[in-house]
């Protein structure tokens, strides 16, 4: 029983990380219809910023966290201005290719200006401490990460439902032209979506760095691929769907790792994606795909 | 007028002959080595170019190999096999003596097959994969011993420390290096009276080892050692999470642990590395020949960081020996000279030989551990109890 509880907690921890990154992807997709694969490089940029600020300015972990969040927000908004604004009216494929292009360029910049090797940055390691509750061990990082995801969801719900800009973003997701006709600045609405996405990337970066203690050029790319799958499961464009997809994927991954006989270990990823495929057979648009309202984008 | 024309013709012919002979001398004086290697991408850290460049520069500054200068042809493959093949074909047209490429068999085998069609050898600085010694190609030479030697050296040291119960972590994603190497480690332990308690899986890029750690915590008795053949940063996370979860077992590994970023764990807490050791390719610890070489390169303004890039220097020394002994840059003659040598001096250790093995270097395997966060050589041997792997 203790073992089962332990693994359920582990699944929650996996899921919280995926959910946090998936939310960052979903918020941009819901406004622009763009799958921003460069989101992972925003996370990696946060890691490199941590190295630079930690080396040159301060090793205070709390100031570093602020620096990471700020760096991710700024680079995310900058990418929107430099790369994505120009393809805003182009079709989905162009946006997707642009995102891949930005991702590759940033990875190579990290490689050339940084190093292909992991660069140590251990200031956030203190977040990862083991707490023993009876026979069950919980990492403090698991608790922080799950709490941060919950707070992020709450913040997003409040922002999207209670603020003018948030309402504008929701409206833009339905009919962008109408929002512009109502006098709202399209650039500001989209830049805000990227800023929120950058903030979520910064949060994810803090937790990833607390686990890894080092930064690599491609450190954000693999988690974003997994988060993309989480978005697909939950229903692309749906924020609750992204969270649900993240937690579901975390649960499936841990279950496969634990339950699959070790001699079939090489099939772990195959089993995970087979289960994902089954979910999509049941719900082709994802579990919580947004209802198609009148005027909604198809 | 006629005499003037004749004189002019004679002069032109002479000049032409001079130019031709100068060109031939220049071709003779160059030892070209091709490096279709990843300079970008995930595996860029594993290329040997930095060390090879520095050693080639050192030899060239000393007058070359009997007057012949090294020339390295380097181009990025981004770890893509097809790019490596295309570059190999290009280099073969430029009269190379040998090739070096990424130490993964899925690239080395096709590259060696193509190079072999023109008698050129693939001389790899760090390849430990057993697939390369199965007879699939006959023009492959590696500067290091295969994985079963590393596993055995690590197991022998573990046994000396009283290790009896072991758990191994395996993955198919690194080929035999990550899947079979832990099994060879366990085989030596079991042959000496120990127990393999469990095998656990993992995937590349694991940032949370909690599920595996929960399994390890469930073992009774608690394991004395956990073996994994994988690389940083995943290894660092595993060590930290194991210690954080109260698991005090030795964490034992292979050459994947041989990365300067592992040492950074000591900055956080030196005791994290107290019960960590690994069998590796060559001893890269403070005061070693490798550290000395890195210092010399730094003085020349050429940074060589880490064991893997440093071993490129050995490739150059092996080729230097082959060219010197063969007295030519004919690739087949150079390979023959290398394989027949009783002893070849290299940078990382005093000497290696291919005489008994043909395709890999028999050399002492160091087991590296940590004292107060500093690397130390714990043992060094050519293991004789290597499990049957061929």
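Here, residue 1 is simply the first one shown, and the rest follow in order.
Each Cβ is built from the backbone N, Cα and C atoms, and glycine gets one as well.
As stated in TrEMBL, the feature transmembrane segment covers range A:266-282 out of the listed A:249-265, A:266-282.
In TrEMBL, the transmembrane segment annotation falls on A:141-160 of the listed ranges A:121-140, A:141-160. Taking every listed stretch (A:141-160, A:189-210, A:266-282) in turn, the largest tally of C-beta pairs under 8 A with the transmembrane segment (A:64-84) is reached by A:189-210. Listed by sequence, the residues of this chain that lie at least six past the ends of the transmembrane segment (A:18-35) yet keep a Cβ under 8 A from its Cβ atoms are 42-43, 84, 88, 92, 95-96, 99, 145, 148-149, 152-153, 156, 169, 172-173, 189-190, 193-194, 196-198, 200-201, 203-204, 207, 223-224, 226-228, 230-231, 234, 236-239, 241-243, 245-247, 249-250, 290, 297. For the transmembrane segment (A:141-160), the neighbouring stretch richest in Cβ pairs under 8 Å, chosen from A:96-114, A:189-210, A:266-282, is A:189-210. Sequence-remote contacts of a segment are chain residues at least 6 beyond its ends whose Cβ falls under 8 Å from one of its Cβ atoms, and for the transmembrane segment (A:96-114) they are 34-38, 40-41, 44-45, 48, 51, 79, 83-84, 87, 215, 217-218, 221.
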